[in-house]
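Pulled from Swiss-Prot, these are the features on record:
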type    : residues                                                                       : note
REGION  : 86-389                                                                         : region 'tRNA-binding'
SITE    : Lys133                                                                         : site 'Primary catalytic residue forming the imine linkage with DNA'
SITE    : Lys133                                                                         : site 'Secondary catalytic residue forming the imine linkage with DNA'
BINDING : Trp144, Tyr175, His176, Tyr177, Asp233                                         : substrate binding site
DOMAIN  : 208-347                                                                        : domain 'Fe2OG dioxygenase'
BINDING : Asn220, Tyr221, Tyr222, Arg338, Val339, Asn340, Met341, Thr342, Val343, Arg344 : 2-oxoglutarate binding site
BINDING : His231, Asp233, His287                                                         : Fe cation binding site
Amino acid sequence: MGKMAAAVGSVATLATEPGEDAFRKLFRFYRQSRPGTADLEGVIDFSAAHAARGKGPGAQKVIKSQLNVSSVSEQNAYRAGLQPVSKWQAYGLKGYPGFIFIPNPFLPGYQWHWVKQCLKLYSQKPNVCNLDKHMSKEETQDLWEQSKEFLRYKEATKRRPRSLLEKLRWVTVGYHYNWDSKKYSADHYTPFPSDLGFLSEQVAAACGFEDFRAEAGILNYYRLDSTLGIHVDRSELDHSKPLLSFSFGQSAIFLLGGLQRDEAPTAMFMHSGDIMIMSGFSRLLNHAVPRVLPNPEGEGLPHCLEAPLPAVLPRDSMVEPCSMEDWQVCASYLKTARVNMTVRQVLATDQNFPLEPIEDEKRDISTEGFCHLDDQNSEVKRARINPDS
C-alpha cells in the first residue's frame, strides 16, 4: 500500500506541477510505466464498468456527456456496426469543453471489419503510407497480400524479420497530409473510403455535428514500443469541426493537455473500440500517446475482439463480411499492435484551398518531429506520424 500511495502521489505531483516541462515529464513517466503496477493508478479508465474509474487528480474531472440520440437512426447505427446511440455511454472532462469519450459502442464482432479494412484495404494504393519513402509503388502496392501468410504462421521471436504490415506506421486517405509542408492540397487527394466516411458521420452527428464531412484520415499503426509525440492537429483549414479518433487492438495511454505545453495533461486509457472526439476548445489542445500496453487479460486479444462478425449482414450494411482466414491474419497482427483511425474535415462549406503554391520544406530530422520509437530490429527506425509536433 505504501508503494502504491507513493506512486499515485508522484503522478499527482507531476500532474499539478506547472512549468515548461510539465507535459513532457508526464509523457516520460508513462512511457516508462510498468503495466500491472501502481504506475497506472492515476490513469482514467472510462470503460471500467462505465464508472470512469481512476485514482489520480484527473478522475475528479470526469463528467457525463449528453449525446444527440435522435440524430442517428438505429438503422444507420447498425449499418455502421454500432449499437443504437441510446445505449452509448459518453463522458467529458471538466476544463476540457468539447472533449467527448465514448467507450466501445460497437456491436459484438463488428470491430473485425474496421481492423480488416485498416490492414487489408486502406493500406493499398493509391493511399499513401510511410513505406513509400523507402520502397517503390510496386513493392507497396498490396501490403496485405505480401504479409498475410507470414502473419498467419509467424513465430513469436524477436529475431525474425518483420512483414511489411508490421513495418507500416501510417497511412493517409482522402486529402493526403503532406508531412514536409504540414499542409493539405487539392491536387493530393484520393476518394475517401465510403464506409469510414459513413461511420465517422454517424458518430459526429451523435455528438452534435450533423453537417460533418469526412475528408481526410490518418491511420496510425502502433507496435508495443511505439509512441506518438506531443502535438496539435491544426493543419485543417476548418477547426470548427471535430477530430474523431477510433482505437482497435491493444490499449494505449492517451494524454490530453492544454493550449500550451507547460500545462500538465490528463491521462486516460484508450481500449479497443473506444471513440474519442476533440471539438470546440479541445480541438486544438496538445495531446500524445506515450505508451501502448499489452493486453491486461493475458497474452492475446481483448475480450471485445473474441466474438466473430456475423456471417450474414443486412443488404444495406456498410460493413462487409470478414472470413476466418482474414481474421486469423488480423488477430496475429493485433496481438502486439494497436491501430488508430483519426478522421477530420479539412475545408469549411464552400471553402477552397489557397491558390498560392505549396512549397516543399526541408524535413526536420530532430527527435522532436518523430513519434514512433521502434525497436532495434526494425528496418524503418522511426516514422513521423503526427501532423503538427
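Each Cβ is built from the backbone N, Cα and C atoms, and glycine gets one as well.
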Number of Cβ atoms other than its own within 10 Å, given for Asp233 (substrate binding site): 20
Per-residue Cβ crowding (10 Å cut-off), top of binding-site residues Trp144, Tyr175, Tyr177, Tyr222: Tyr177
Residues of the domain 'Fe2OG dioxygenase' (208-347) by DSSP state, where helix covers H, G and I: 19 helix, 49 strand, 72 coil
For 2-oxoglutarate: widest Cα to Cα gap among Asn220, Tyr221, Tyr222, Arg338, Val339, Asn340, Met341, Thr342, Val343, Arg344 in Å: 20
DSSP state at Tyr175 (substrate binding site), helix/strand/coil: strand
Conformational class of Lys133 (site 'Primary catalytic residue forming the imine linkage with DNA') under the three-state DSSP mapping: helix
Position of peak Cβ density within 10 Å, selected from the binding-site residues Val339, Met341, Val343: Val343
Sparsest-packed among the recorded positions, when each Cβ's other Cβ atoms within 10 Å are tallied, from Lys133, Asn220, His287: Lys133
Sparsest Cβ surroundings (other CB atoms within 10 Å) among the binding-site residues His176, His231: His231
Euclidean distance between Cα atoms of His287 (Fe cation binding site) and Tyr222 (2-oxoglutarate binding site), Å: 16
From binding-site residues His231, Val339, Val343, the one whose Cα lies nearest His176 (substrate binding site): Val343
